[in-house]
Amino acid sequence: MAVAVGRPSNEELRNLSLSGHVGFDSLPDQLVNKSTSQGFCFNILCVGETGIGKSTLMDTLFNTKFESDPATHNEPGVRLKARSYELQESNVRLKLTIVDTVGFGDQINKDDSYKPIVEYIDAQFEAYLQEELKIKRSLFNYHDTRIHACLYFIAPTGHSLKSLDLVTMKKLDSKVNIIPIIAKADTIAKNELHKFKSKIMSELVSNGVQIYQFPTDEETVAEINATMSVHLPFAVVGSTEEVKIGNKMAKARQYPWGVVQVENENHCDFVKLREMLIRVNMEDLREQTHTRHYELYRRCKLEEMGFKDTDPDSKPFSLQETYEAKRNEFLGELQKKEEEMRQMFVMRVKEKEAELKEAEKELHEKFDLLKRTHQEEKKKVEDKKKELEEEVSNFQKKKAAAQLLQSQAQQSGAQQTKKDKDKKNPWLCTE
């Protein structure tokens, strides 16, 4: 029988019986129909070394062939490549995004290999937060790119986790749902595989790495999740090749020594991974991403912006009060900055004026020095000119005197010559 719940002013709840059918028992159907028409999105981050089988496992999980480019081991750094696909099963549409970590683990110095991954996850959170903070939000049409599940591919060494794996998972565990898996599990003997799993889980616990916990609080999935949790990390094998086994064709990897069936639970944990990731807990992964990881990021960002739920006295703070407080704080800082800039401008102007005055003084001094030098040089030139003029005048006088003496000498010589002639020819005179 349907039951109505009211909330009186005294906050006590009373159960009321309905006298007839109302219709809100169809709410689950309405929600299912609405969700089905909208479709779903699911974003998977694959973290692992180059060539460890990330693309093959994705193809096997979703029973299709996704686009993938062959990667080399020569990447200078880690970069993330995201590809989105539209899938449909029955009448349910799924927008699937697969993000690959290209070049992860290929560098000699692996200290910062996790940073591009963390930055990518934060960038998706930031994009969603910016959409939420818009005045006109459109979350209905927004393509949510937040990472819902991180499949962390562990190399099948059979010994222990690499330091790179521990550091990366520790940096990611507060930002994403980590599901550790052992890749290419068919390369490890079965007895060694159990020891390897135990060693991995022990190292994760001792290093404080928080991996995704399958929910056990819902009766419908509690039993299967509790059973599957003991198999972590899942040891998987991926293959899209069909091999004939008896009278049937099955996905498997064929070796000279035998066949490893992908969907045979005695051979690997692929079926367990698919059940846990897709069939049972896909919605919980989406919910955990929003309510846990995104909320943590959102809270930290809003606190950085100065938004808090309580004031220093632990009293509730309204959004309006927070806004006014931040606005006043911002205006105060703005006025302070303006005053600092004004003072700095005045100081710079004074410094410039002093520099200009000093430069002007130096120019005047240089001008006076040049003027004095010019006058001195002019005086020297004039004195030299006067000396030269006197020398020319004296030279002219001497020249005139010399010419006069020469002329007189010539005249005297001519007269003497005539006298001498007269003495030699006296008869000329008598005649």
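Positions of Cβ are set from backbone N, Cα and C atoms, glycine also.
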From the ranges 304-335, 336-367, 400-431, pick the one that Swiss-Prot records as region 'Disordered'.
400-431
Stated Swiss-Prot location of region 'G4 motif', expressed as one of 95-98, 183-186, 203-206, 271-274:
183-186
So which range, 48-55, 288-295, 376-383, gets flagged region 'G1 motif' in Swiss-Prot?
48-55
Across the coiled coil (320-408), what does the pLDDT come to on average, as a whole number?
89
Neighbour count, 10 Å Cβ-Cβ cut-off, for G238 (GTP binding site): what number do you get?
21
Output the one of K184, K190 that, of all these binding-site residues, has the highest number of other Cβ atoms within 10 Å of its Cβ.
K184
Hey, does DSSP put G51 (GTP binding site) in a helix, a strand, or just coil?
coil
Counting Cβ atoms within 10 Å across all protein chains shown, which of the binding-site residues G48, G51 comes out on top?
G48
